[in-house]
């Protein structure tokens with residue numbers, strides 16, 4: 001079911017070569033949706049919602065009312081609500097540690113240089129929906145935005161066919177401090193938030209979605225900022241002979257239940273463990289739902305890679321640059337410094353990926369598809385902008401003038417040079 005690959009090899013090289021996220025046909029469809037909404041506004045959003053979600057949305061029910069959110073509280077399990085609040089508090093505490101103050105540094109001659117670090121004014125967050133419930137995605141996007149100080153956080157989530165929003169999604173939104181909630185999903189939601197169709201336009205859009213949402217975010221980038229381009233979920237597990245096969249198998253399956261495009265990778269120097277994990281995967285799938293999805297994802301996208309030693313395992317992990325990286329070895333912290341490319345690293349047998357996905361505090365909006373090489377997890381800085389401050393004194397200006405003139409003339413920008421020259425006292 002799961003391919004077995006020896007590293008290094010051509011098979012390993014081929015497997016570790018990441019696939020592109022782009023889909024030409026979907027890109028064209030998304031572009032049409034964006035252009036239609038840009039030109040026609042919110043009425044086009046309503047039409048697409050009817051076509052794609054089967055829900056009737058209009059001016060009267062587009063924005064979720066406070067009364068509907070109040071009612072949602074009566075529909076949720078009190079134990080789940082308590083767990084959501086504890087998770088929210090963990091997420092808030094973790095992200096508060098990321099806050100940095102603005103700074104301005106005066107110098108002896110009166111010059112001042114600095115940086116203002118301030119929150120964005122208005123952020124839109126996308127939460128997958130319909131009949132499904134993803135309250136954890138609400139918390140992971142909205143709580144850091146509020147920690148950053150964003151005054152207006154807008155949420156878009158697709159309605160069910162009856163127009164309803166899952167009550168857990170609504171409750172999580174209020175608990176996280178979301179200010180406005182709209183019934184819309186897909187590329188049309190991204191377009192509405194970016195172009196201001198039926199609501200005030202946002203400055204940035206965050207949150208996961210399907211390929212239509214992801215490519216819509218890609219196409220509106222520049223009109224608004226985005227967090228990242230998220231692809232299918234993935235996990236890579238580095239394990240040695242001390243790892244319990246049942247743990248590795250369970251963590252594999254926790255990822256591939258997401259989607260037939262999800263991927264799970266085991267990298268191990270132990271062929272005995274590799275065989276044991278294969279057996280455990282089969283055993284655990286017998287009592288889990290979504291078997292067809294898991295089998296397809298394991299067959300199409302997943303692998304067991306056998307390496308010489310743990311140093312080689314780290315090399316493979318860094319090439320793959322996974323969204324989630326688990327280390328189930330005798331000395332997991334010994335590998336931490338060698339693992340340089342990952343969205344999140346989970347160390348030890350009691351740090352399975354769901355601990356981070358739901359509860360511990362670090363963000364679960366993570367780079368996928370190898371983009372952990374240059375993207376970071378969603379964080380407080382995601383919702384901040386930085387402005388440079390320059391206040392030169394007369395003495396510093398006169399001291400630097402000749403250097404600035406030389407550089408401006410070198411680049412052939414005479415008006416730049418003139419802006420300095422007119423200030424030099426003769």
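Yeah, the Cβs are placed from backbone N, Cα and C, and that goes for glycine too.
Of the residues 162, 179, 357, Swiss-Prot puts just one in the Zn(2+) site with 255, 258, 416: 357. Annotated substrate-binding residues in Swiss-Prot are 255, 258, 324, 357, 411, 416, and among 233, 302, 376 the one listed with them is 233. As a whole number, the greatest separation of Cα atoms within the NAD(+)-binding residue list 126, 188, 210 is 13 Å.
Within 10 Å of the C-beta of residue 324 (substrate binding site) we count 26 further C-beta atoms, all protein chains included. Neighbour density for residue 126 (NAD(+) binding site): within 10 A of its CB lie 29 other CB atoms from the protein chains shown. Annotation: no binding-site residues among 126, 188, 210 have CA atoms within 10 angstroms of the CA of residue 233 (substrate binding site). In the three-state DSSP reading, residue 411 (substrate binding site) counts as coil.
If you take the C-beta of residue 323 (active site, proton acceptor) and look for same-chain residues 6 or more apart in sequence within under 8 angstroms, you find 233, 234, 235, 342, 343, 344, 366, 367, 368, 372.
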